Structure formats: C-alpha cells, structure tokens
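Note sheet for the following structure.
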Amino acid sequence: MTRLVTLELLMAGIGSALLCFPDCILGEDTLFHEDQDKGTQLDSLTLASINTDFAFSLYKKLALRNPDKNVVFSPLSISAALAVVSLGAKGNSMEEILEGLKFNLTETPETEIHRGFGHLLQRLSQPRDEIQISTGNALFIEKRLQVLAEFQEKAKALYQAEAFTADFQQSREAKKLINDYVSKQTQGKIQGLITNLAKKTSMVLVNYIYFKGKWKVPFDPRDTFQSEFYSGKRRPVKVPMMKLEDLTTPYVRDEELNCTVVELKYTGNASALFILPDQGKMQQVEASLQPETLRRWKDSLRPSMIDELYLPKFSISADYNLEDVLPELGIKEVFSTQADLSGITGDKDLMVSQVVHKAVLDVAETGTEAAAATGVKFVPMSAKLDPLIIAFDRPFLMIISDTETAIAPFLAKIFNPK
C-alpha cells in the first residue's frame, strides 16, 4: 500500500508595519558564494525575479478561482516547503517541483537552488532590532516510518527543519501536536492549520513564516473613521479608514495599466507596495502581473507629496488546498502513484496527498504583523495644481517586499477588507 505524505504549508502576515525577508538581512549582493566545484552563482536579484514569477503565476490561478474574494498567501513559504520536498524527490518528480517554482535547471543546478534557499533562511533566522521575523520548517514523521538519515540531515542543514515523531494512527493527538506547534511558532496567529488527518498519513511537513513590523510613518488612530469601500457591483461596506496627510512617499501613476502605485515603508529594510487599479481595471492589472511589471513600477517610483492618503484598516485570512492548484503550474507527479520520493525513505512508496496553506494579514495604524518603463509615467507633483488625494476605497493589491532584494514574501488582493 502506498503511504501518503501530507504536506502542510503555513504563513501569517500583517500589513501596516512589517518587514520582509531576503536581503534585508543580506549585506552581500549574492545569496551564496561560488561553490568550490561549480562556478554557478544565484544572485539575489535573480532569486527575487524567480520568486516573483512564481508568486504572480500562483496568484493568477488563485484569483481566477476566487474572483470576488480576498487573496493572501506567502509565495516564499510555499516555495520553501516544496523545495524541502524536492530534496527527497528524484527524476521527473524533482524536475517538476523546481521548474514549477520557475527555476531553470539548465541554468541553475539543483544543488545551487538548495544552497540559495539555505543561505536565505539562515540569514532570516538572525535576530533583527526593528523587525520580528520567524521562519522555519518542521517534519512530523510517523513513528513507524523509516526516513533516510541523509534526507533529515539535509533538511535540517539547508532548511532548518526540526524533526518530530508522531503517531498518526491517533489522529486527534497527532493533529493537536501539529496545530499547537504551528500556533506557538506564529504567536497564536494561525490556529487549526490541520483540520483533517488521514490515518494513512506517514509524514507532515509544516512551513511557517511570522513577521511583525512598524510603519516608518504610522497612522494616527484618532484620524481613523468609518468610510465606504466599494467591492464591484455590490453595495458598499463600511470599514475603518485610516488617514495620512501631507505624506512624502514613493509614488507613480501607470497610465498604460490604469493604476496608481504607492509605496509605504516600514522601519528597517522592508516596504509595502499598494497597487490601486482604476475603477473596473483590476483584471487588466492582474493579467499584467509579472516580474518585469513589478520592476518597472519600482524603478519609476519617485518621492512625492500626497496631500491625503486613505487606507482601510483590515485583517484578512485565507486557506488553500494547493494540491488542486499546483498541477496547473506543472507540479503533478508527486500527487500521483508515479511519484518518486525515494530520497526520503529509500523506496518509491510515498506520495504527497495534501498541501495546505493558511495566511493571515493584518494592517493597522501602527504596523503589520504576519504569521505572508514603457507605459509607466511619473507625474511630478510640481506640475500639479490640484491636491493629490489617493483613496484605497475599492479593491487593491498589496505586495510586501524586501527593499534590497525586491523579493516578495507576501502577496494579497484586498477585495473586501471587512
């Protein structure tokens, strides 16, 4: 009988003051140095572009399935967890995972990918003064399952994966063990990650990310008021609306994509990019999401005086069963009886049965807490006679990024902040 590996992914985030992971911690412009045997290097900008490509590809799949719902997830959390699985995958199973994560295996060898992730996660685990970040992996292994020592050692060395034994025949106790661990690691933000646990389960892989930061320019709670938010054709909903006046912050108006882009910075090396499509233009902006678009926006941002900025205060969450979505990105074999995960047990007796991802994003006055060129025209404020007022009173996108590497650990669409 084929045993099942249940892969659980977790992510939590808040968006008012926050930090991002990758290079905010890196003082170098590469994620890892040249290997003694190979001359291949994966620089941070390339890794950021690859991560962004995966993020936008997955986002489009999730948004298409839920066009009138909030979307929030951590592409970094998901890719790191799948990369751990790829450590034990062989042949086509391994290639599908890494290529599904948008890596080009002819340009970047598998060993360099793992080394890059390992270096990144190691840097992220270092304590920060201005931002709280916690990220890691945990393996919950059926006590009767024999896992190769080499796999456990690599998972621990590269991905800081802790290993625990569990009795999945006692599903209630095993579920509590895992959920309690996740709750503790995410400061209580993620509760009940696993709701169902099959008795055939042999292993559960949990990835978590938690971060908390503060806005560089915080909102004054005394200025927050009830205002209307317009979600499509529905009647507007009342939401707490935060307000900033006379704010100097990076801004650009994209005339080609019909959207406004504003960057709000956190204390530390992180920022949140808010993309506000014009009325009825959300699908146009979503269809154009790709690494080049994000790069163009960031290159075009200029410090500008915004007379009034309105942003809803919100807390949103989402749960995803990604085993139904990842095959659309080319990751198929690991979910079938053709899966080759022999690098985990030494036998081809494992397959992935479930990939669960849960994200929480809170945006408030003080900050964010988490447990996730052509056509771009900058309009100089000196040329504007009318005051610049930007109101996020309709669906918008939010991308949390590291300001040094441009990696986006969290991506969200706020369709209804209430």
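Backbone N, Cα and C define each Cβ position, glycine as well.
Here the structure is a predicted model, which means the values were calculated and not measured.
Taken verbatim from Swiss-Prot:
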- Asn104: N-linked glycosylation site (CARBOHYD)
- Asn258: N-linked glycosylation site (CARBOHYD)
- Asn269: N-linked glycosylation site (CARBOHYD)
- Ser93: phosphoserine (MOD_RES)
- 367-394: region 'RCL' (REGION)
- 1-29: signal peptide (SIGNAL)
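Comparing Cα positions, Ser93 (phosphoserine) lies closest to Asn104 out of the glycosylation sites Asn104, Asn258, Asn269. Distance from the CA of Asn258 (N-linked glycosylation site) to the CA of Asn269 (N-linked glycosylation site) is 29 Å. Distance between Cα atoms for Asn104 (N-linked glycosylation site) and Asn258 (N-linked glycosylation site): 33 Å, as a whole number.
For the recorded positions listed here (Ser93, Asn104, Asn258, Asn269), the lowest count of other CB atoms within 10 A around the CB belongs to Asn104.
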